[in-house]
Structures are given as C-alpha cells and as structure tokens.
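K.L.:
From TrEMBL, for reference:
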TRANSMEM  12-34  transmembrane segment
TRANSMEM  40-64  transmembrane segment
TRANSMEM  84-109  transmembrane segment
DOMAIN    129-217  domain 'CAAX prenyl protease 2/Lysostaphin resistance protein A-like'
TRANSMEM  129-149  transmembrane segment
TRANSMEM  161-180  transmembrane segment
TRANSMEM  205-227  transmembrane segment
Amino acid sequence: MLDAVQKPKWGWIDLIIVYTGTLLLTLLGTAWIAHNRVDLFTYFTAGTLMQFIISVGLVLLLAVYIHKARLSELGLKRASGHDLLVYGLLGGFLLMVFMILIGIPISRLQPDVQPQVFEEMLRSVGQDWQFFVLLFLGAVTAPISEELFYRGMLYPVFRGYLGPGWGAVTAGLIFGLAHWDLWRTIPLAIGGAALCYMYEKTGNIWVTMLAHGTWNGLMSLMVYYNFLV
C-alpha cells in the first residue's frame, strides 16, 4: 500500500516535459524512419520502441537523476506473490473482460468507429513472428512505459493535491484522453483509474505493469486469432 498522502519529489513541470518530450522526439524519430521508406510493420515497430525508450528514459532522468528520488518512490520494488496474482494477473484479466463488455454498446452506438492503430496492425500482419513482435510491444514495452509515467509518476502528483480517490479519477481520465480516441476515452479512463487503485493498494508498479500487460496481451491474442471481430 502507498504511504500516507504526500507530494512526490517531482511536479507538474516534469510531467509536461516527459509527455511533450516523448511526443515531440518520437514524432521527429518516426519522421526520419519514414524518410527511409521502410514498410509499415518496420515503421510501427521502430516508432513504438523509440517511444518506449524515450518515455522511460525521461521518467528516470527527471525523477531519479535530477530530483534524486529512489526507484521505490516510482513503485519499483519487490512485489509479493499475492499482489502479483490477485491484482496483477486477476486484475488484468478482469480489465480485459470489462473492455470487451463495454465495447459492445460502443459498437452498437457507433458501428463505424475506427479500430486503434495497434488493432489494425494485429489484423494486418501475415506471419506469426510479426505477431509475436507486436505482442511483445503491447504486453511488455507499452505497460512498462505507460505504468512508469501514468501510475508511477503522474498519479502521485494528482494524489498529493486531490487525495487517492479524485487523484485516481483524474489520472485515469488523462490516461484515457492520451490515447486520442474519442469513443474509447471513458472505458480507457476507467481502466486507468482501476490501475491507479491497484497501485494504491499494492504500492508496487510491477503489479500494475503485470495487470496492464495481461490486459493488453489477452486482447492482442483475441484480436489476432479472430475471437474479437
């Protein structure tokens, strides 16, 4: 469980630097990749890995190197088997089920809603090795970078000002909006708030990474093997 409500060593400016820095540097990097006229799979894979490295690097640079925070203050510490099983694996499975259920009314209300880019990539790859690369990106690299920033770095700032409840709601909403997907903003915001709750209960970012990875990984498998249409 997280310690009593207190403000972290980093603040608003650091959050802005990480988000905008990741966005701008990734845009510059992917523009350079596109200039080399690579295929779509290579472009997407390289861009995603670049975003991962930049995001994680900026979080660690600002929080640990500049503000002298301990890794444990970002939730990077030993997790108990109970927390990994209950909040990580089971929590991630329940998040996946929730997303499937909430997707039903969304598809009814807006049948022409565009799939996310990652989903399009999963449906377009023609070889299993390409799928496993995408699965690694979705179930490993994305949860690591997103949990480090949104739960490890961003949530504690809002928690320090608003308390755990409203802090989780606000951080979850930002997580939903950051995906730039109007129809999926609210479901993703609820998922983000749920991950904040898991972090609040366990105080461990490895647990939320596992939950997020389980959620993404199971969804990826279901999309690729056409269990979701």
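A Cβ is built for glycine as well, from the same backbone N, Cα and C atoms used for every other residue.
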K.L.:
Can you say which of 40-64, 161-180, 205-227 has the most Cβ pairs under 8 Å with the transmembrane segment (129-149)?
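P.N.:
Of the candidates 40-64, 161-180, 205-227, 205-227 scores highest.
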K.L.:
So if I exclude everything within five residues of the ends of the transmembrane segment (12-34), which remaining residues of that chain have a CB under 8 angstroms from its CBs? That is, six or more out.
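P.N.:
For the transmembrane segment (12-34), the far contacts come to 42-43, 46-47, 50-51, 54-55, 58-59, 62-63, 67, 149, 153-154, 157, 178.
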K.L.:
Mind looking up the mean pLDDT for the domain 'CAAX prenyl protease 2/Lysostaphin resistance protein A-like' (129-217) in the predicted model?
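P.N.:
PLDDT averaged over the stretch: 95.
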K.L.:
Select the range from 40-64, 84-109, 161-180 that forms the most Cβ-Cβ pairs under 8 Å with the transmembrane segment (205-227).
P.N.:
84-109
K.L.:
Can you break down the domain 'CAAX prenyl protease 2/Lysostaphin resistance protein A-like' (129-217) into helix, strand and coil residue counts using DSSP?
P.N.:
83 helix, 0 strand, 6 coil
